[in-house]
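Okay, structure first, notes after.
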Amino acid sequence: MALVTTAEVCDANPQLIVSGELRALQPIFQIYGRRQVFSGPVVTLKVFEDNVLIREFLEEKGNGRVLVVDGGGSLRCAILGGNPVVQAQNNGWSGIVVNGCIRDVDEINGCDIGVRALASHPMKANKKGIGEKHVPITIGGTRISDGEWLYADTDGILISRTELAV
């Protein structure tokens, strides 16, 4: 999504918005990481105050994908920290969107990857390995399915059923 902004995508595709094929997440996410603009096919994950599955995903090759994590909106601990984000950057993930908290913000802000999260929190998550992979999730008022496309910039986050020719 090199030079086309999310605002321009919305302006150019009113029919996709009306049909629900193009949706905007509610503006609840803070911007972290050096890559403010990122996009890619979505991989979904649903967890609650547990980061084991997040770490497992980010240890895989990202191939330009975006990990979208429904952390239940918990503000009681961080489910993503600096080490997994460094791994994600090195493994070729385009970005990570977390409906929950992160920590190690300075380290994450030094990484060449896009990260969105609700807030930062100093406490770490549980390590039980409980969660669901590749399931439909609802975050930011929007239902997101595995394999859809995410486009993010400083104006917001869009979800599209298909890759957009931008």
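Note that Cβ sites are derived from N, Cα and C of the backbone, with glycine treated the same way.
Annotation source TrEMBL lists substrate binding site at Gly81, Gly82, Asn83, Pro84, Arg103.
Positions annotated as Mg(2+) binding site by TrEMBL: Asp104.
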Fewest Cβ neighbours within 10 Å, where candidates are the binding-site residues Gly81, Gly82, Asn83, Pro84, Arg103: Asn83
Binding residues Gly81, Gly82, Asn83, Pro84, Arg103 (substrate) - maximum C-alpha distance in whole Å: 11
Cβ neighbours of Asp104 (Mg(2+) binding site) where a neighbour is any other Cβ within 10 Å: 21
Residues close to substrate site centre defined by Gly81, Gly82, Asn83, Pro84, Arg103, Cβ within 8 Å: Ala78, Leu80, Val85, Val86, Ile102, Asp104, Glu107, Ile108
